[in-house]
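Here's what TrEMBL has on this protein:
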TRANSMEM  12-31  transmembrane segment
TRANSMEM  83-108  transmembrane segment
TRANSMEM  120-138  transmembrane segment
TRANSMEM  144-162  transmembrane segment
TRANSMEM  169-197  transmembrane segment
TRANSMEM  209-229  transmembrane segment
TRANSMEM  255-271  transmembrane segment
TRANSMEM  291-309  transmembrane segment
TRANSMEM  321-339  transmembrane segment
TRANSMEM  345-364  transmembrane segment
TRANSMEM  376-394  transmembrane segment
């Protein structure tokens, strides 16, 4: 009976993976701005030639030049394959590569920590489909792929931190995260915690810290120069001056980061529920529910991750540093004026979700997943997959 249950679970996981693979090919891959930026960098420019027709938002226009404000690392990653294969290599190909890397690092992390390694596949499944990533892994748009790339590097950083702990490699990974999502600079906190508390001489600690900081400082310098070349100001990233929807502009005028945004973000991050799908008369009809593109409660789309709270009281420095990092990142996100419009759930939480994932794994470090846990994971994955279909692919 136990073997039958495991076989059924694996069939369900394969089914969910297959459905989401179909999503990749059925998705309208819009907002390919990093791919366009990579082409322009190869030509020697930092601006894009023209604004997109359907979604001309989030761009900074100075004279006849249009700039994409997001951090440039995804475009940098595209440059080598574009030089080899030409313009045919796009963000869709980059998406597939990083999807595979995401699965790989999620699996080896779980297999490394868990006493019962056979359960690792379930943790990978719940990360992929039982969380905000269910919408990120199939969408190659510039908004989503940046989250995927930064998440892969953060998973790699966590793995390095609990295994080899090479200072330069950890610094390089933090730098790459920062160049993709600036808030990712806080990923340095757990590494600092380890380097500071490691059992070694003060001289050795200082050496490791300097080696760790070197690639980070180089990448910060690169980004400041990048800002200056675009906007004439090293501290102007473009987020404060880009064109956005009028409704969001009202929020931004109250401050890019402000306490006035906290109540709004708390609602969209933790309290928002699915919306009912109605016909023209008002009757509730198939697919019955859809998600609100402004946000959906994390408790609804990632309920299994509540088990990570079991690590809250564990008195281990690395566990505490993960929670501190999550707390700092979450506070920054709650103070931000936007929720990541056109999103499945609070997608900005992808900035710290790999940390939540490793905490979830640690919560089950010495425990077998029960039948209840496995069914919980499968149902959560199916529910999220259904919501994606019901909202993005069903038009009535």
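Each residue's number is its place along the chain shown, starting with 1.
Note that Cβ sites are derived from N, Cα and C of the backbone, with glycine treated the same way.
Counted over residue pairs separated by six or more positions, the transmembrane segment (291-309) shares at least 3 Cβ pairs under 8 angstroms with the transmembrane segment (120-138), which defines the two as touching. Note on the transmembrane segment (169-197): residues 71-74, 76, 146-147, 149-150, 153-154, 156-158, 160-161, 205, 208-209, 211-216, 218-220, 222-223, 237, 317-318, 320-322, 324-325, 328-329, 332-333, 351, 355 of its chain, located 6 or more positions outside it, place their CB under 8 angstroms from a CB of the stretch.
By the Cβ criterion (distance under 8 Å, sequence gap of 6 or more), the transmembrane segment (321-339) is counted as touching the transmembrane segment (255-271), at least 3 such pairs being found.
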